[in-house]
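The structure appears below as C-alpha cells.
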Amino acid sequence: LPLLLKATLLRLASGSYRPFYNGFYYNHIMNDNEDGQDKVDYFNGAKLVVETSKDPVYSYNGANVTLPCHYHYEPDLGPKRKIRIKWSKLRDDYTKEQDVLVAIGKTYMAFGDFKGRAHIHQASRHEASLVISDVHLKDDGKYRCEVIDGLEDESDVVDLRLQGIVFPYQPPRGQYRLNFHEAEQVCQDQGAILANFNQLFQAWSEGLDWCNAGWLADGTVQYPIRLPRKPCGGVHLAPGIRSYGPRHRHLHRFDAFCFSSALKGEVFYLDRLAGMTLEEAKQSCQDAGAEIARVGQLYSAWKFLGLDRCSAGWLADGSVRYPIVTPRANCGPAEPGVRSFGFPSKGRFGVFCYRER
C-alpha cells in the first residue's frame, strides 16, 4: 500500500494526468496562450460582477425570448478575456435542475430539450445573454447566468414567465380521479401542462376561485379560494391558496390545474342548423383545414384573443363549452369565463376548431 500511494503521488506531481473532463478542459484549452503552452491563473485583484434583469422577462408559447445577462470587472480589465458562460434552469428553491447551455468564446453547446433552441447573444462587450427560440410551456421558470474567468466565478438569476392562463380540469369520469401522472397527461392532452405554484397564485390574484383540490407540477395538491366558505376550508380562514402539501403521486387522486399560454393560431366556431355529433364536429374542423380545439386552446383564445361566443361547442376531449367575455342574458353567470356543459353522451352542438396561422 505505501508503494502504491507513493507511485500515485509521483504521478500527480508530474502533471502528466489530464484534468477532469466535463465537456471542456479547464487547463489545456481554457487557460492556455493559444500556443500550446499552459498558463497559470492568478487572482488579479479585479472583481467580476454579473448582472441580469431584476424584473421578470415575459414571453409566450412559440415566441423567441432573450434573457439578458452582462458582466464586467471592477476595475475594468480592458480587452475582453476568454471566459466560460453557463446557463442553468433552476427549481423554485434555486437548486440546479438542468443544464441549458455552456459556451467558450464562439463555441457553445445546448443540452436536452434546449438543443437547437438556445444560443448565446453577444452583441456588445461583456454580454452573455441567452436566446431561447420557439419557447415551450415548460420553459417557464428561473435561469442562472454563470460567468467563469479562471478562479473567478459569479452568477445572477433571471425569471422567465410565460403569459398564460390556469384552468381546473376534471376528466369525463368525474371529480378526484387523477393521480399525479394521469394529471400530467390530461393537461398535455388539452394543449397545456400542469401549472406551478406561481402560476396558480397569479391566477388566484386575478380572480380564480375553485373549491376542488388539484395537482400542481411539484407534486403538491392545492386550490385557490377568493371567497371563504364552509366547504372550502371554513369561513374563518382568510382568502388564499389552500394546500394539502405533497401527496403520493401514484396512490392519491385529485383534479388537475393546467396552464396554457397564448396561441400561435386561431380558434373559430362552426355550426350546422341541426347541430353535430362529436364525430361530425371533428370532421367539420378537418374539412375547414383545422382540428377540433382542445380545452387549453379555448381558454387561451378566451383570455388572449377575446373569443366571446354564446353558443356551445364540442371540444377534443368530448366536453361541450363556450367562452364569454361580456356576460349577458341567457349566457350563464354574471362573470366572464368559460362555461361547461360537461361531457354529454348525446346531443348535437356546434364545434370550436383550431387552426395554425
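Using N, Cα and C of the backbone, Cβ positions are placed for all residues, glycine too.
Automatic prediction, not curation, is the source of TrEMBL annotations.
Cross-referencing Cys211, Cys258 with TrEMBL gives Cys211 as the cysteine bonded to Cys232, criterion being a recorded disulfide. Between the candidate disulfide-bonded residues, Cys211, Cys232, Cys310, Cys331, the densest Cβ environment within 10 Å is the one around Cys232.
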